[in-house]
Amino acid sequence: MSAPASLTARRAIALVARREFVVQVVKKSFLVSNAVVVLAIIGGIVAFGVFSGDDEGEKVGLVAEAGALAGPLAATGESLGTPVDTSEVADADEARAQVADGDLEVALLPAPDGSGGVVAVTESELEPELRAVVETTVTALAQRAALDEAGVDPDAVAARVAEAGVRVDALDPPEPDSGQRTFLAFTAVILMFGQLIGFGTYVAMGVVEEKSSRVVELLLSTIRPLHLLWGKILGIGAVGLLQLAVYGVAGIAAGTATGVLTVTGAAVGVFVSVLGWFVLGFALFAVLYAAAGSMVSRQEDVNSTTGPLLLLILAMYGVGFAAVGDPDGTLSAVLSWVPPFSAVLMPLRVAAGVAPLSQVVGTVLLMLLVTAVLAWGASKVYQRSVLRTGSQVAWREALGLARRT
Amino acid sequence: MAEDGRGLEIDGVSKRYGEVTALADMTFTVAPGELFGFVGSNGAGKTTTMRIALGVLAADAGEVRLGGRPVDLEVRRRIGYMPEERGLYPKMKVGAQLAYLAELHGLMRADARAAVARWTERLDIAHRVDDAVESLSLGNQQRVQLAAALVHDPDVLVLDEPFSGLDPVAVDVMSDVLAEKRSEGVPVIFSSHQLDLVERICDRVGIVVAGRMSAVGTVEELRHAGAVQVEVHAPQAPPGWVDAVPGARVVQETDGRTLVELGPDGDDQALLAAALRTGPVHSFTRRRPSLTELFREVVSA
């Protein structure tokens with residue numbers, strides 16, 4: 001039974017890619033480490049949500065007549081950016097006990113002299129922010145009472161006073177939710193950095209594994225080197241993409257559910273751009289990593305040829321880090337056009353909301369162009385080196401510069 | 001592939017590494033249904049020839065044909081190959097790995113699985129299909145390697161040192177499988193240093209010396225091609241009794257037994273007559289050189 005030995009290029013690449021994907025995702029270490037990371041993402045966000053306590057203000061206990069302060073305190077707290085959470089407490093002793101236990105930040109008792117002021121009971125000292133809230137509230141109420149007594153309409157006074165407020169004319173106003181956006185940008189940089197190094201290394205290691213185990217000789221007696229190369233890159237890249245997607249979905253879902261993340265639209269945009277730029281960045285680095293891996297025969301030598309790539313990615317990381325604080329600065333604006341730096345700077349600029357569509361399209365095209373050129377060169381190196389065993393293939397030879405013998 | 005009667009042809013293949021000539025005009029044919037043994041010293045060029053046949057290495061000159069067709073990637077997929085440097089993914093499971101290799105050779109998934117089941121059963125490694133290759137003994141890894149060469153039901157087998165590192169049982173299994181493929185009309189070529197084994201199972205043998213095919217033919221032909229040796233047991237023969245016989249030369253003389261080598265112009269009947277003239281002759285045996293002796297002779301020539 002002589003079966004027809006037809007094997008299209010597509011099927012050859014698909015077979016290799018399938019193997020790479022399956023081997024990677026069923027690896028126990030891979031599954032465990034990813035489960036840990038996903039739990040850490042969700043746990044971290046939930047913990048952040050609990051401890052940052054955006055919805056929970058400072059706990060203020062109000063005793064007897066001081067209970068009337070509840071509404072004004074909450075309003076003042078809101079306007080001063082120090083939200084307070086008031087509760088009624090039965091008597092002074094109870095209030096002191098709760099403060100001592102730490103259940104209350106401060107307890108307000110009516111001043112014993114009947115002046116309308118309050119006594120603030122606190123553990124050791126009253127934080128300045130909270131003190132400001134309490135003092136402003138009490139003073140304002142006293143003023144209103146005094147004005148009222150003097151026969152002046154307190155509301156009219158308040159309206160007049162409000163007119164004389166300070167109007168801020170900012171030259172560079174902060175973006176709304178800039179904190180969250182910076183955090184997103186930062187996350188994008190870290191993710192891109194980790195994924196590119198991690199999966200680039202997987203590609204190099206995979207190439208070396210085939211070389212050192214000599215299975216490459218068996219493989220290349222039935223498929224072309226380029227099919228093996230692209231199958232490997234596609235398979236491992238798909239794992240990287242899947243992993244990113246899982247992290248992103250876990251992060252966004254946890255962030256939205258806990259209320260930590262309120263700019264969900266922006267987050268999804270960043271997420272999609274990170275996925276897209278990972279594909280581009282990975283394609284660029286994977287061919288380089290494969291070429292670097294093909295030049296050595298032993299796993300322990302792989303660092304000697306992948307070193308320059310690691311340096312390049314570290315440089316990207318450094319630039320990305322520097323640009324997080326100022327995504328629209330000169331450094332970021334210029335380098336975001338330069339592959340491979342665009343792979344890390346563009347998601348960051350998208351996160352910061354400073355990347356116009358024209359730039360996204362332009363940088364993607366540039367990146368594709370550079371990747372195509374590098375892929376052509378790297379695949380030549382790979383083909384020249386992958387069957388060479390023994391000592392490391394010299395750069396001159398790998399690049400085809402040496403005289404052919 | 002085999003039906004056109006041309007089998008695997010290695011035609012004038014040459015390969016140089018810088019100043020070193022690895023192969024010089026290597027030429028031979030392995031007919032369909034023929035078991036061809038490839039012998040030679042280390043570095044003689046056996047592996048290089050096989051790697052060129054498999055396209056893993058490019059020849060400087062010459063051509064390899066299968067059934068009259070130059071071997072390209074499509075044809076190569078129909079070759080079963082066992083490289084000298086054994087190569088399998090160490091951490092991949094035996095069954096998955098064999099199925100993958102079968103698919104890479106053009107089999108559909110279901111066919112690949114069936115072939116894996118068949119060959120692992122045949123080679124007695126069926127109980128290890130779910131184990132990683134690296135966890136197997138070297139002998140079993142060797143069986144997996146053979147299965148990898150057979151799993152796509154190849155039209156030709158090219159096996160580099162298939163017997164090295166095998167236990168006697170595995171040697172028998174391997175020999176049986178090779179004989180079975182031969183009976184299916186598949187040309188089989190393998191290299192080996194175990195000359196007694198080659199002598200026993202091969203139809204034809206090629207001896208490679210320094211990148212050239214130095215002698216090729218059936219073991220019988222090779223034996224006849226060499227000088228004839230005759231052992232004569234004539235107890236009363238005086239020293240030098242052979243000198244009078246034209247074309248004869250004494251190789252060894254001990255205790256009335258004389259080992260005589262006859263050149264191309266030598267006549268064994270003249271030798272016998274000369275022996276009888278010395279007295280009684282207890283035995284007169286034409287000795288066939290073993291492949292090992294032939295090999296030594298060819299290599300040292």
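Going from the start of the chain as shown, residues are counted 1 onward.
Cβ coordinates come from backbone N, Cα and C, glycine included.
Curation plays no part in TrEMBL annotations; they are all automatic predictions.
These numbers come from a predicted model, not from an experiment.
Per TrEMBL, the features are:
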DOMAIN    A:28-378  domain 'ABC-2 type transporter transmembrane'
TRANSMEM  A:29-51  transmembrane segment
TRANSMEM  A:183-208  transmembrane segment
TRANSMEM  A:229-254  transmembrane segment
TRANSMEM  A:266-292  transmembrane segment
TRANSMEM  A:304-324  transmembrane segment
TRANSMEM  A:360-378  transmembrane segment
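Outside the transmembrane segment (A:360-378) by six or more residues, the chain places 273, 276, 280-281, 283-284, 287-288, 290-291, 336-337, 339-340, 342-343, 346, 350, 399 with a CB less than 8 A from a CB of the stretch.
When Cβ-Cβ distances below 8 Å are used as the criterion, the transmembrane segment (A:29-51) is approached by residues 243, 246-247, 250-251, 254-255, 258-261 of the same chain, each at least six residues removed from its ends.
Of the recorded ranges A:183-208, A:229-254, A:304-324, the transmembrane segment (A:266-292) has the largest number of C-beta contacts under 8 angstroms with A:183-208.
Same-chain residues lying 6+ beyond the ends of the transmembrane segment (A:304-324) with a Cβ under 8 Å from its Cβ atoms: 182, 185-186, 189, 192-193, 196-197, 200-201, 204, 285, 288-289, 292-293, 295-296, 331-332, 335, 340-341, 343-345, 348, 392.
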